[in-house]
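As structure tokens, the structure follows; a few thoughts come after it.
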Amino acid sequence: MTPACEARLDAGLAELGLEVDATARERLLALLALLHKWNRAYNLTAVRDPEQMVTRHLLDSASVATAVRGPRLLDVGAGAGLPGLVLAILDPSLEVTMLDGNGKKVRFQRQAVLELGLENVTPVQARVEHFTTRDFDQIVSRAFAQLATFVELTRPLLAEGGEWLAMKGRDAASELAELPPDVTLIERRDLEVPGDAAQRVLLRLRRA
């Protein structure tokens with residue numbers, strides 16, 4: 001990757017207040033290179049420019065890292081492995097399962113796990129309603145579904161006392177209003193992604 005990509009990544013991580021060791025930094029840059037390479041053939045993301053990938057994929061995913069405690073994390077609708085791969089790189093103690101029904105995207109996830117040597121990540125190709133592994137401490141979604149749908153489809157997979165982490169636009173009030181009465185919002189956190197003017201929030205939810 002170019003020096004400009006490296007500089008953008010380093011500055012963005014510092015702005016997010018994340019301390020990243022050399023191994024994690026190398027893996028993030030390797031993930032970026034792999035995503036850029038595969039995207040030319042497999043159209044994994046609409047973002048083509050590597051510098052924009054740093055902002056809109058790596059830093060956007062990293063922006064929720066301080067809310068992730070795990071240890072068992074499920075990334076639903078993971079697509080090209082975002083945010084799951086980034087979170088697994090930043091915190092090797094996490095046990096990350098990435099779930100997506102799109103075969104080419106899961107193949108990319110598996111290749112990334114192999115090439116980056118990530119022993120704490122398990123990619124799974126399946127629809128969420130057919131997935132039966134349970135007791136995840138946290139379930140994260142970056143661009144999966146409406147909030148109420150996300151909660152209802154993944155409810156059986158969440159451990160007692162577990163949390164949902166939903167990355168949404170800041171106009172999420174209508175989606176919050178449609179949540180079932182036994183689900184409560186415990187935190188609404190504005191996401192300030194370095195270099196990205198998009199208005200985003202992280203919603204932390206729990207069973208009431």
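Cβ atoms are placed via backbone N, Cα and C, with glycine included.
Cβ neighbours within 10 Å of Val128 (S-adenosyl-L-methionine binding site), excluding its own Cβ and spanning all shown chains: 22. Per Swiss-Prot, the feature S-adenosyl-L-methionine binding site maps to Gly77, Leu82, Val128, Glu129, Arg142.
Under 8 Å, Cβ to Cβ, and six or more positions away along its own chain, Arg142 (S-adenosyl-L-methionine binding site) finds Asp60, Ser61, Asp75, Gly77, Ala78, Gly79, Leu82, Pro83, Met167. In sequence order, Leu153 constitute the residues six or more apart from Glu129 (S-adenosyl-L-methionine binding site) in its chain with CB-CB distances below 8 Å.
DSSP gives Val128 (S-adenosyl-L-methionine binding site) a helix state. Taking the binding-site residues Gly77, Leu82 in turn and counting surrounding C-beta atoms within 10 angstroms, the largest count is reached at Leu82.
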